[in-house]
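Have a look at the structure below, then the notes.
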């Protein structure tokens, strides 16, 4: 009997792994997983600093999202399209000293960009036919997206 239960459980684990259903199990309810990170789009509009503070309160290691490639950008844009009426949102890229030295709020490497124009804090805009980034004064209020690394031990 114990062996039958073990076999059934093993088959369930294999099924969930292959179906992708288990992929989101490391993220809290309401968050979505992509490439070992959890993401959540927040609709209430906040300025960049307030948005970053809210992200940091959500989960250990959570910050405004850093984007490192077109696949990640497409994933975040799908989340935004589902969650927001107006698909403009803060991401973690900023120029805090206004010296053209851009950095991610989570200290990730600045290795991908999709600029529309320049300086200060960065908004990602999702349109039906394109995705682009542009800079905006950090005091402006828009929606935002948070991100954190999942715990592989969970």
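Using the three backbone atoms N, Cα and C, a Cβ is placed for every residue, glycine included.
Swiss-Prot has this to say about the protein:
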| type | residues | note |
| --- | --- | --- |
| SIGNAL | 1-26 | signal peptide |
| DISULFID | 27-38 | disulfide bond |
| DOMAIN | 34-147 | domain 'C-type lectin' |
| CARBOHYD | 47 | N-linked glycosylation site |
| DISULFID | 55-146 | disulfide bond |
| SITE | 88 | site 'Key residue for binding with integrin' |
| SITE | 118 | site 'Key residue for binding with integrin' |
| DISULFID | 121-138 | disulfide bond |
| SITE | 127 | site 'Key residue for binding with integrin' |
| SITE | 140 | site 'Key residue for binding with integrin' |
| SITE | 141 | site 'Key residue for binding with integrin' |
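Feature annotations (Swiss-Prot) mapped to structure.
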residue : record                                       : DSSP class
27      : disulfide bond                               : coil
38      : disulfide bond                               : strand
47      : N-linked glycosylation site                  : coil
55      : disulfide bond                               : helix
88      : site 'Key residue for binding with integrin' : strand
121     : disulfide bond                               : strand
127     : site 'Key residue for binding with integrin' : strand
138     : disulfide bond                               : coil
Cβ neighbours within the same chain of residue 127 (site 'Key residue for binding with integrin') - under 8 Å, at least six residues apart: 87
Recorded positions near residue 38 (disulfide bond), in sequence order, restricted to 47, 88, 121, 146 and a 10 Å Cα cut-off: 146
27, 47, 55 filtered to the recorded positions whose C-alpha is within 10 Å of residue 141 (site 'Key residue for binding with integrin'): 47
In sequence order, the recorded positions (27, 55, 88, 146) whose C-alpha falls within 10 A of residue 138 (disulfide bond): none
Fewest other Cβ within 10 angstroms of its own Cβ, chosen from the disulfide-bonded residues 138, 146: 138
Alpha-carbon distance [residue 47 (N-linked glycosylation site); residue 88 (site 'Key residue for binding with integrin')] in Å: 12
Neighbours of residue 140 (site 'Key residue for binding with integrin') among the recorded positions 27, 47, 55, 146 (Cα to Cα, within 10 Å): 47
DSSP-derived class (H/G/I helix, E/B strand, else coil) of residue 146 (disulfide bond): strand
Around the Cβ of residue 141 (site 'Key residue for binding with integrin'), the count of other Cβ atoms that are within 10 Å: 14
Mean of pLDDT values spanning the domain 'C-type lectin' (34-147): 88
Residue 27 (disulfide bond) to residue 121 (disulfide bond) - Cα separation in whole Å: 27
Rounded Cα separation (Å) that holds between residue 55 (disulfide bond) and residue 47 (N-linked glycosylation site): 12
